[in-house]
Structure formats: C-alpha cells, structure tokens
Amino acid sequence: MAEINCTQVTEFSLMGFTEDPVTQVTLFLMFLLIYLFTILGNLGMIALIRATPQLHSPMYYFLGNLAFVDLCSSTVITPKMLVDFLSEKKGTAYVGCVAQVFLFDLFGMTECFLLAMMAYDRYMAICHPLVYPLVMSPEYCFQLVTGSYLVGLTNGIGQTISMSNLSFCGSSVINLFFCDISPLISLSTSNTTLSRIILRTSASLFGLSSSLVVLVSYVAIISAILSIRSAEGKRKAFSTCASHLTTVSIFYGTSLFMYLKPSSDSSREDKWAAVLYTVVTPMLNPLIYSLRNKEVKEALRRLTKPK
C-alpha cells in the first residue's frame, strides 16, 4: 500500500564528482577540452574517410561508423555534465533521464558490435586474404553495420522498458554524473528483480558475445602472424591490428567491469572508470587511429600538403 500511495520522483539529482567550486571549474575546463577534441577528431576522421578514395575500404567503412557512434555517445553524456559543473542544481527530469538511458545504451552497445565487426574484418584480411575482397563486399559490410545498430537499438529499448517499470519514491540522488540504468535500479523502491535480470542478460548476451567475437578473431590473427616467417611481415600484419586492439582493450575492459561487477559495489573509482569509456575513449579512438595508422597519416599528409 505504501508503494501505491508514495509520491513518484519527477526529477533526479546527479551527485557528480565534487562540491568544491575550484575543482568543479578545473574539471569543467578539462572535460570541455576533451569534448572539443572528441568533436573535431571524430568529425575529422569521418570527413577524411569520405574525401579520400584510398580509404574507401571495409576497414575504414567500419572506422567511419565508429567515429559517428563515438560522436553521438559523447554528445549524449558530456554537454549535460559540463552544464552541471557550472550549476548549483545538478538535476535532470525523469523524461530526460529515460532519454539519456535509451541513447547511451543504444550507442554503447552499437560500439561493442562495431568493434567486434572490425575484429572480424581484420581476421578476414590477415587469415583469408585471397577471399577477403569477395567476402567483405560493400553489401555485406553494410549488413554488418546495420546489424550492429539494430542490436544497439534492441538494447536501448530493453533498458528503457526496464526503467519505465520501476518506481522511484525514495531517494532521487544518482551517485554518478549521468543517468545510467544500474544506479537507477539501485534507487528504485519497487521490485527490481526483472530489471536486474534484463541488465545482466543484456550485458552477458550482447557484451560477452561481441567480446567472444573479438577474442576468437585475435586468437586466429595472432596464430596467423606467428606463422609468418619474416620479421617485417609480422610487423606489418600486427601494425594493422594494433590501433583496434588498443581501442578494444580500453572500451571492453572498463565497460564490462562497470556492468558485470557486483551491484553492491560502488566507489569513486567507478566514476572514473565510467569517465574512461563514456568521455575519454571517444576522444582517443580517432587519435589512436591517426597516430598509429600509416594510411590515415598519408591521407592527412596529402590533404594538408600545399598545392
């Protein structure tokens, strides 16, 4: 009966990082700089791929979509966080919170599968180079990317439905800097069994399955590279995977830690782990690929070379 008569929360308060004004201004400037680099880096990567015929290949088709998803996922989180750094009231309406959960889970899971598809692309290029052009056709690449977005959409809808079935009649303070489904479940005053099952099932089914694709692909890739006799051949083969492997390690490591850890664990370190995969990784991806990829560096050199 108390559940029926309770007053439903219409607005959530985000705890953020600190209450110290000086620290808040410092963090605002730091995250603003990161966000600007994220916007410029990812837009620049998309424009470079579209403007350079030499980059019109499956690998860069996936990379262009990854840059778009990074741009969107960062925009879902960072602008609101920047506003909160300068506001006394760090709140968000229930509807806004639902929208953030949906969009973040959509783009987050889409990125998981795009990274898995990129691992599969590298596997085909290194382990089956003779049939690579035939298998990784433009039509098939389009299907893989579309499938990644559909999985992300399914995840976003599932988590949104999960949240819409929850009642919030007690505390409205989220111990994070954005609306995420896991802390929202902890705040709910209703039965959260179904919501926790949906969250763990989604993280396990989608997250671990995409991780498995990456793992199996790289086991085969490493095996193929080790069988190459020349040291130069090994170096060239590994250099095509180094950027992707770096991105995968950061993204999967932090996101799986956040969503598969025991729900009772909550610490300041969790917030910085969340910062790593929600704010920092979207900035690092174009930087990693531009610094470690010869074709991207050569395309940049050609575009910036005075005529």
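Any Cβ shown, glycine's included, is placed from N, Cα and C.
Database features (TrEMBL):
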{"type": "TRANSMEM", "residues": "25-48", "note": "transmembrane segment"}
{"type": "DOMAIN", "residues": "41-289", "note": "domain 'G-protein coupled receptors family 1 profile'"}
{"type": "TRANSMEM", "residues": "60-81", "note": "transmembrane segment"}
{"type": "TRANSMEM", "residues": "93-116", "note": "transmembrane segment"}
{"type": "TRANSMEM", "residues": "166-185", "note": "transmembrane segment"}
{"type": "TRANSMEM", "residues": "205-226", "note": "transmembrane segment"}
{"type": "TRANSMEM", "residues": "238-260", "note": "transmembrane segment"}
{"type": "TRANSMEM", "residues": "272-291", "note": "transmembrane segment"}
Cβ contacts the transmembrane segment (93-116)/the transmembrane segment (205-226), at least three under 8 Å, sequence gap 6 or more: yes
Folded-back contacts onto the transmembrane segment (25-48), same chain, C-beta under 8 angstroms, at least six residues removed: 17-18, 55, 63-64, 67-68, 70-71, 74, 78-79, 81-82, 85-86, 279-280, 282-283, 285-287, 289-290, 296, 299-300, 303
Within-chain partners of the transmembrane segment (272-291) [C-beta distance under 8 Å, separation at least 6 from its ends]: 31, 34-35, 37-38, 41-42, 44-45, 63, 66-67, 70-71, 73-74, 77-78, 81, 104, 176-178, 180, 243, 246-247, 250-251, 254-255, 257-258, 297, 300
